[in-house]
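Peer 1: The structure that follows is given in the form of structure tokens.
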Amino acid sequence: MADHLGVILSVALLWATLILRAPFVWRDRFARILWIALASVAFATTLYLPWVIHALAPLLSSERAVDLTRHASQMATYVTIAVLFSFAARFGRIHLIYLTFTAATVCAMAAILSTGPPHDRVVSTAPGVPIEYWIALFGHHIVSDIGIIAVTIILASRVKRTETRWTLILFATARIVAVVLWSILLAGNITHQRSILEWVPPVLGLKEVLLAASVALPGITAITRWVVDQRRLHRISGLWSELTTQFPNVVLHVPAAVEPRLLPRHREELDWITYRKVIEINDAITELAPYTREHTLEDADRFLIARRVPARRRQPAAAACWLAAAAHAHRHNHPPDANIRVPPMPFDDNAFLAQTAAWYHTPMVADFVDTSLEQRENRRNQIQPHASETGPDRRGILERWTRKEGFDRRADRI
């Protein structure tokens, strides 16, 4: 009973995964092919559940007819997978060879049953079923799965998307387990040893779980990506709100009819909101740049080194310090300097901007703003007559900063 329960749960998991993924598979060719293939596998496996057999027996006149229907459904499943995968791999008419092989196997199985002794069931425990029948049936399944594994590996080597590649790898792994399953059934039917057939339920359950994982992987990846993107959007939203409050003219006014929801459902919607906020933040940064001073970036670097901020985190932290100092100067109506430009930092990179936004509201950045105000007052009282000779060279500062930190504009996405 426990074995049957495990099989039922694994089949139910496969069906649930297929149903949940159904609305999202039609945009991708490989996803469609895999979904149809797995749906046929789920249907064929469902026919082997005990309660399904009892329900179909009155409809098909006998349990023997149910057994033959199950075997035919398995053959049809392999035909479906072979045809779909051969078209996906662009193997020409190789599927015609497989169809011929399957048709010959079906004819051989029918001839074996018709010439063999009478029997009421076509199962391993029923007497009278010729061994040749099981050799033909499970031999066909083993040969078919070996071919499907080879084609799946070829497809996995061709696709560019990582999630599709891993989906195909999981599917190939499930077919390897299926080869083990058919080998167990073949050995059990030839030797008539019940101890061998006791391995069928756990192996069958493992196969169904792997198939469910293969179809669920793209969905899990999409959900994970959506959560990461939502987290990034949440991070930059605080910075966006503060900067656009100071510079409301940078906000794009979108008609209510096309304004996305507060919590986007689809990634396209989420990407649109993120892109819009990144652009508006960059416009606000351009407006803020004249309110900084030549020494702000260098002061931020020294300040962060003194606070023992790790080098890999220092660039977005310095950018946050630079932004906070500029925003404070703008709020307090400090005179702008038209010669100051935005430093060469990737504020248009979502990952870098999210890290900068995370630093922006930290107490450390607030301490830097207070410190920079004191330093500004001290410098104002100590103006030298030849500032060009004694003051810091902005170009040298930025070049040293970029060289020292090893800045990479292709920062990994968070």
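Heads up, the Cβ atoms here are built off N, Cα and C, so glycines get one too.
Not my notes, these are from TrEMBL:
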type	residues	note
TRANSMEM	6-26	transmembrane segment
TRANSMEM	33-51	transmembrane segment
TRANSMEM	71-89	transmembrane segment
TRANSMEM	96-113	transmembrane segment
TRANSMEM	133-156	transmembrane segment
TRANSMEM	168-190	transmembrane segment
TRANSMEM	210-228	transmembrane segment
DOMAIN	225-360	domain 'DUF6545'
REGION	378-397	region 'Disordered'
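How buried are the listed features, and what sits near them?
Peer 2: Note on the transmembrane segment (133-156): residues 30, 71, 74-75, 78, 81-82, 85-86, 88-89, 91, 98, 101-102, 105, 108-109, 112-113, 116, 122, 124, 165, 168-169, 171-172, 175-176, 178-179, 182-183, 185-186, 189-190 of its chain, located 6 or more positions outside it, place their CB under 8 angstroms from a CB of the stretch.
Residues 30, 34, 37-38, 124, 129, 131, 134-135, 138-139, 141-142, 145-146, 148-149, 152-153, 155-156, 159, 196-197, 199-200, 203-204, 206-207, 210-211, 213-214, 217 of the same chain sit 6 or more residues outside the transmembrane segment (168-190) yet have a Cβ under 8 Å from a Cβ within it.
Averaged across the domain 'DUF6545' (225-360), pLDDT in this predicted model comes to 80.
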Peer 1: For the transmembrane segment (71-89), give me same-chain residues lying six or more residues beyond its boundaries with a C-beta closer than 8 angstroms to one of its C-beta atoms, as numbers and ranges.
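Peer 2: Non-local partners: 29-30, 33, 36-37, 40-41, 43-44, 47, 95, 98-99, 102, 105-106, 109, 122, 137, 140-141, 144-145, 147-148, 151-152, 154-155, 158.
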Peer 1: Would you kindly list the residues that approach the transmembrane segment (96-113) from elsewhere in its chain, counting only those six or more residues past its ends and only Cβ-Cβ distances under 8 Å?
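Peer 2: Distal contacts: 71-72, 75, 78-79, 82-83, 86, 122, 129-130, 132-133, 136-137, 139-140, 143-144, 147.
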Peer 1: For the domain 'DUF6545' (225-360), how many residues does DSSP put in helix, in strand and in coil?
Peer 2: 93 helix, 0 strand, 43 coil
